[in-house]
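S.K.: Just passing along the structure, written as structure tokens.
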């Protein structure tokens, strides 16, 4: 019995060690993150990199702002009125994250963890007439804020921490193996734990890739958002039309010049019949 008990204890101890090793390995992997926002020429844009096993597995560049409604007492101290806090993601934020085969996560904390942003990315496969195609998307956003923080909130009623979550989110949909790029502003609505409050998240200057990064610190081919493609078309269309119009004018002038030259070389028939006798 003693030998059997020792064997069982040995197996249990090995399991515990393996679990501890797995936990420590995961924690170390999550800590391989870098905030490279100082490299950005845009002071409002942040750059975050998650690295596992010595290579980049998630890269994210974006500017983020949160519009947060909150209640304050009116001047009569009886009624409540709603104010608005504009909270921007600042440089020097703390960042965490991890990468998986079909699920990756980015977490950002700033202002002494008064604010926290969590972004969850999923990769999934779909059957299409052309065969199976894989895409990735932003599937969940969570924003935690503390309305007792005095920089952005002034005399908030029932001040404290609140959590705002997205619901049924499917944003930034991108073909697998590509990065998502969008300069235009995009808004995501988040339902807050503060009753009847909706937080608006505004993203801009976005460039993200949470899966299948081939080169270290280098984005793969860009998949541009429809808004950027439309704006690019609107910018290039006048140029194309101008070139076509210029070409039409040049062709018209050339044809006119050739026609004028040909008619100038023809014999001119006098209109005065009395001049016919001088011809020949």
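Every residue gets a Cβ built from N, Cα and C, even glycine.
As the structure is a computational prediction, the values presented were derived from the model and not from experiment.
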S.K.: What range among 236-256, 257-277 does Swiss-Prot describe as transmembrane segment?
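M.R.: Within the set 236-256, 257-277, Swiss-Prot attaches transmembrane segment to 236-256.
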S.K.: Rounded to a whole angstrom, what is the C-alpha distance between residue 35 (N-linked glycosylation site) and residue 53 (N-linked glycosylation site)?
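M.R.: One finds 18 Å between the Cα atoms of these residues.
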S.K.: Secondary structure at residue 53 (N-linked glycosylation site) (DSSP, helix/strand/coil)?
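M.R.: Reduced to three states, the DSSP call for residue 53 (N-linked glycosylation site) is coil.
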S.K.: Counting other Cβ atoms within 10 Å, pick out the least crowded of the glycosylation sites 35, 53.
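M.R.: Among the glycosylation sites 35, 53, the sparsest Cβ neighbourhood within 10 Å belongs to 53.
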